[in-house]
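Below you'll find the structure, written out as structure tokens, and then a few comments.
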Amino acid sequence: YHAQPSQGTEQEKMDYALNNKRRVIRLVLQWAALYGDLLQEDEAAMAFLEEFYVSVSDDTRMIAALKEQLPELEKIVKQVSEESKAPQKKHKVLLQLFNTSDDRAQKRQPIRGSDEVLFKVYCMDQTYTTIRVPVSSSVKEVISAVADKLGSGEGLIIVKMSSGG
């Protein structure tokens, strides 16, 4: 964020610094927008976001061109910070789609909106259940089906997990 070229005119050095700072701010904004939910649980990430916001705020006093990105950064930092301090009433649920038949034995056919898929719904208490929903179901409909099956829909969220190993 604070990289400075060792050569060039003062104006070139200022342009270089401004462009680098803008790129870093955009990167942090995208990172926070994509991973905001996960960042709430990470104290180091929260501390970084707050420190970064203070640093950018200080820089806007000397580099007026950065002011245009400050409100968006402030909004993201406040949003993630407030959500991390809110009482957690969410039930984290992992949905895993699984196939009940052997693909190799089946003739491949196009998926129709009326086709149904099975999901395994894993809960935080190490239990799971299954639900069957049409392939064309919206996220809201899937959450509603999970809520009906579990008997409560309060604070349900869908969490996607993946692993490279």
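Cβ coordinates come from backbone N, Cα and C, glycine included.
TrEMBL does not curate its annotations; it predicts them automatically.
Here is what TrEMBL records for this protein:
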{"type": "DOMAIN", "residues": "1-81", "note": "domain 'N-terminal Ras-GEF'"}
{"type": "DOMAIN", "residues": "115-165", "note": "domain 'Ras-associating'"}
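Across the domain 'N-terminal Ras-GEF' (1-81), DSSP helix (H, G, I), strand (E, B) and coil residues number 67 helix, 0 strand, 14 coil. Under DSSP, the residues of the domain 'Ras-associating' (115-165) split into helix, strand and coil as follows: 12 helix, 18 strand, 21 coil.
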